[in-house]
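According to Swiss-Prot:
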type	residues	note
DOMAIN	36-254	domain 'Radical SAM core'
BINDING	Cys51, Cys55, Cys58	[4Fe-4S] cluster binding site
BINDING	Cys95, Cys126, Cys186, Arg258	[2Fe-2S] cluster binding site
Amino acid sequence: MKKKWTLEETKMLFKKPFFNLMFQAQEEHRKNFDPNTIQISTLLSIKTGSCPEDCKYCPQSSRYKTGLKKEPLLEIEQILSAAKKAKDSGSSRFCMGAAWKNPKEKDMPYLEKIIKKIKEMGMETCMTLGTLNSTQAKKLADAGLDFYNHNLDTSKNFYSNIITTRTYQERLHTLHAVRSSGMKVCSGGIIGLGEKKQDRIELLIELSNLSIQPESVPINMLVKIPGTPMADNKDVEPFDFIRIIAVARIMMPKSYIRLSAGRHKMNDQTQAMCFMAGANSIFYGCKLLTSDNPEEKHDLELFKKLDLIPENKTQTLLKEDEYKTIIKSSKIKKDQYYNAAII
């Protein structure tokens, strides 16, 4: 029987001495995962900008002047080319996002075709397209989509301070439609929106107490984009962020905890502590929308220092020439990459 986390239990985790918490998180992590492997995903924006939503952190919203260049839905050849390069760079999952409130019916056949073509390449697929109804979710699942990303962002109580054009319940309905279709769920949140510790606690409770816990949980650190209402938000204290990763690992022991947006602001030591706390997945690519992301070469160097192996590679350290091959093949157009937290 699945454990239901209570408010009091979760508060107690947050109150634990830091090293005790880290020890417990690492214990849980080792029960379910090889601590020396990491899952790598790559994201591509297949339709950029002009989103009608008012998410206060998002440069894709049409309501804010961020200088983001609008791009129509990409041609399938462009998408497949990026997917191939991502696979050659070590990614096992190719994620695609479109800046929509929800996909239009006229676009569904095209989306289904994209999924099928990428699946033929031997990669897992994930999409984030906004809210879905049950029929749309079933079509994507039938096309072979493995994961659907739809973040809760924050707690139910704080949510209306961030977004007014989509309700919290709509997000939960979408997650239910995704789960009912047979797809796997990717859902997490953003830290640094101005929320209090209580909101962080409630977000993790909401995620962990879903009928089935998300297979993938991206934890984002707010990327402050000039022109958005959150451009001047306070920075997140690194140890607070590491603590959230550790609590997420304990509460969702079998989920992949993804170190997501904001990673470019973390030094190697902070990232290493996040991995020690139970993070075992990253977004890998030159750029996350308008914000920077660690270069592939730097990521590979960090993996080597930490003896971390990409999940789709052999369980031995990559040889020097293999690293060089991956680095060489990872030169992808930087402006096509974005952060899944934006949808």
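Residue numbers in this text run from 1 along the chain shown.
Cβ from N, Cα, C; glycine included.
Of all Cβ atoms in the shown protein chains, 29 besides its own fall within 10 Å of the Cβ of Cys186 ([2Fe-2S] cluster binding site). Here the CA atom of Cys51 ([4Fe-4S] cluster binding site) lies 20 Å from the CA atom of Cys126 ([2Fe-2S] cluster binding site).
Cα separation, Cys95 ([2Fe-2S] cluster binding site) to Cys58 ([4Fe-4S] cluster binding site), rounded: 18 Å. Cys51 ([4Fe-4S] cluster binding site) sits 21 Å from Cys186 ([2Fe-2S] cluster binding site), taking the CA atoms of both as reference points.
The two recorded residues, Arg258 ([2Fe-2S] cluster binding site) and Cys55 ([4Fe-4S] cluster binding site), show a Cα separation of 21 Å. On a Cα basis, Cys186 ([2Fe-2S] cluster binding site) lies 19 Å away from Cys58 ([4Fe-4S] cluster binding site). Cys55 ([4Fe-4S] cluster binding site) has a Cβ environment of 25 other Cβ atoms inside 10 Å. DSSP assigns Cys55 ([4Fe-4S] cluster binding site) to coil in the three-state reduction, outside any helix or strand.
Counting every protein chain shown, the number of other Cβ atoms lying within 10 Å of the Cβ of Cys58 ([4Fe-4S] cluster binding site) is 27.
There are 25 other CB atoms within 10 A of the CB of Cys95 ([2Fe-2S] cluster binding site), with all protein chains counted. Between the CA atoms of Cys55 ([4Fe-4S] cluster binding site) and Cys186 ([2Fe-2S] cluster binding site) there is a gap of 19 Å. Across all of the domain 'Radical SAM core' (36-254), the predicted model scores a mean pLDDT of 93. Secondary structure at Arg258 ([2Fe-2S] cluster binding site), as computed by DSSP, is strand.
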